[in-house]
Amino acid sequence: MAQTWEERAKEKREAILAAIPQEWRIRNPPNDEQVDVTGNFIQQFLTKREIEITETTADEIVRYTVSGRWSAEEVTRAFCHRAALAHQLTNCLHEIFFDAAINDAKAADAYFSQHKKPLGPLHGLPVSLKDQFHVRGVETTMGYVGWIGTFEGRTGTGKEKRFESEMVRELRASGAILYCKTAVPHTLMAGETINNIIGYTWNPKNRNLAAGGSSGGEGALIGLRGSPVGLGTDIGASIRAPSSFNGLYGLRPSTGRLPYEGMANSMDGQNSVLSVVGPMATSVASLRLITKAILAQKPWLHDPLVHELPWRYEQEREILELTGAIGDASKVGKLSFGILWSDGHVSPQPPVRRALHIVVSALQSQGHEVIDWTPPSHKDLVDGIMEAFTFDGGADIRGAFSLSGEKPSDQVAFFAQPGKEFSASEIAATNVRLRQLRKNYTDYWNSTVKLTTTGRPVDALICPVAPFPAARPKGYLYYGYTGFVNVLDYTSVALPVTNVDKTVDVADDGYQPINGLDKTVQELYDPDIYDGAHVGVQLVGRRLQEEKILALAEYIGKILGK
């Protein structure tokens with residue numbers, strides 16, 4: 001008798017747990033008994049040495065491994081242990097391959113011992129991967145029960161557990177150690193992470209809330225320091241939301257900067273608004289480290305959609321000089337930022353508004369200027385991205401669910417509904433409209449030169465990542481603050497700012513909602529439920545400005561004391 005989808009999901013879920021050594025198993029207290037499982041809570045299960053290693057940033061870890069101070073094996077074992085704990089507390093992993101990782105780490109140590117040099121710029125660094133990356137020896141289910149035991153839902157391809165994504169090849173060539181793949185919402189089309197295999201992925205800082213999505217497993221894992229740096233993807237919010245929700249930095253690069261070749265995906269072939277790969281970590285230095293290492297592999301030689309753009313230090317240097325980090329005092333100057341307090345459709349909840357004010361005040365205290373951002377309608381951009389996501393009338397997603405007969409979660413049910421399939425001419429018309437919207441926004445950005453005192457248009461835009469610090473379950477109701485960036489293909493970094501304080505971030509009882517959706521979003525805010533949650537903001541630059549925006553994000557983090 002054939003297994004039901006529920007039985008297949010249970011079997012896979014138990015197999016994930018079985019990959020965790022018995023000595024690393026713990027009791028997971030109910031969410032309401034232990035809301036915050038970060039810091040002291042997870043540390044109680046670790047040795048002092050493991051805590052030291054796992055709470056070191058990726059750039060510092062590499063400094064120690066390439067010098068021989070720390071062995072790759074010791075570092076890898078420590079992160080495997082902490083990742084195992086993180087999964088038991090938040091449901092953040094889809095694939096565990098600790099044994100293979102430890103063997104790779106031993107090989108890296110042997111190479112270092114024999115050749116007296118590292119394998120590459122990421123020598124011995126554990127790197128976690130969202131479950132869209134294909135890694136030999138393990139599956140890629142992307143949260144679909146029907147993908148278990150297959151290659152993207154197909155059998156007999158010869159690629160099952162053999163094929164590797166281009167990014168994986170480049171990470172290995174750089175000396176990275178791969179050890180786990182992280183949870184995603186089935187379909188990838190949700191700001192919360194939930195699927196029928198592992199269930200719901202919780203926010204480790206506040207387990208009343210979502211870890212975000214669709215790179216939510218990465219967010220929870222790194223938030224618990226079970227990974228020093230991980231790679232997610234972003235087509236609407238999927239790096240920035242989990243990063244912000246978990247107190248992390250996350251880079252959404254422009255398309256064509258980092259390789260996407262050989263990735264699993266939903267709606268493959270929808271090219272109007274493309275998904276991108278980007279890093280997530282606890283520091284900007286860690287984001288820079290992995291981005292530079294990947295670019296050093298010349299990915300444009302292996303992925304035809306990657307631009308031939310090596311790391312451009314001159315972009316970074318300009319910001320470092322203006323902020324006084326390098327060079328002489330004569331080059332120190334003023335920066336100019338736009339601030340989007342509200343997009344006019346859904347306003348930020350009180351903690352997010354406070355985070356925006358914190359960043360603005362910090363920049364102004366350093367002599368920089370901040371001007372109100374009044375761009376062309378973001379609603380038009382968000383309507384455009386939603387149109388692109390439904391070009392096929394939901395056929396791809398329904399097909400993936402039909403492989404097993406499983407039911408979609410409420411969070412993604414909209415994308416599985418039968419809808420109108422767009423014709424070629426209708427898709428072309430959408431693309432023309434999106435192109436004009438991009439041109440309008442470019443013109444607006446250029447026009448801000450008339451408002452600044454620097455002689456330049458604004459250097460970057462500051463805005464919310466979402467109207468809430470993190471989503472409550474089934475409460476990620478608005479993607480407008482991130483989706484517009486994807487349509488414009490701008491570079492963006494999410495950065496941590498503060499934490500919700502229920503004594504300060506009180507609900508605004510006199511608030512007059514803009515519309516029905518805004519009213520619902522504001523009513524979802526409860527200071528008692530949100531207390532302690534991370535609050536971040538988003539820094540947005542123009543296309544292909546990764547070096548510049550990372551430098552600006554690091555500067556803002558520094559003046560915020562992060």
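Glycine too: its Cβ is placed from the backbone N, Cα and C atoms.
Just so you know, TrEMBL annotations are computer predictions that nobody has curated.
Sequence annotations record features per position, and here TrEMBL assigns domain 'Amidase' to 74-550.
Residue density at Lys130 (active site, charge relay system): 29 other Cβ atoms are found within 10 A of its Cβ, drawing on all protein chains shown. Under the DSSP three-state reduction, Lys130 (active site, charge relay system) is assigned to strand. The feature active site, charge relay system is assigned by TrEMBL to Lys130 (among others).
A sphere of 10 angstroms centred on the C-beta of Ser214 (active site, charge relay system) encloses 36 other C-beta atoms. Annotation comment: TrEMBL describes Ser214 (among others) as active site, charge relay system.
DSSP assigns Ser238 (active site, acyl-ester intermediate) to coil in the three-state reduction, placing it in neither a helix nor a strand. For Ser238, the entry in TrEMBL reads active site, acyl-ester intermediate.
Across the structure, Ser238 (active site, acyl-ester intermediate) and Lys130 (active site, charge relay system) are spaced 11 Å apart at their Cα atoms. Here Ser214 (active site, charge relay system) is positioned 9 angstrom away from Lys130 (active site, charge relay system), judged by their C-alpha atoms. Mean model confidence of the domain 'Amidase' (74-550) amounts to 98 (pLDDT, 0 to 100 scale).
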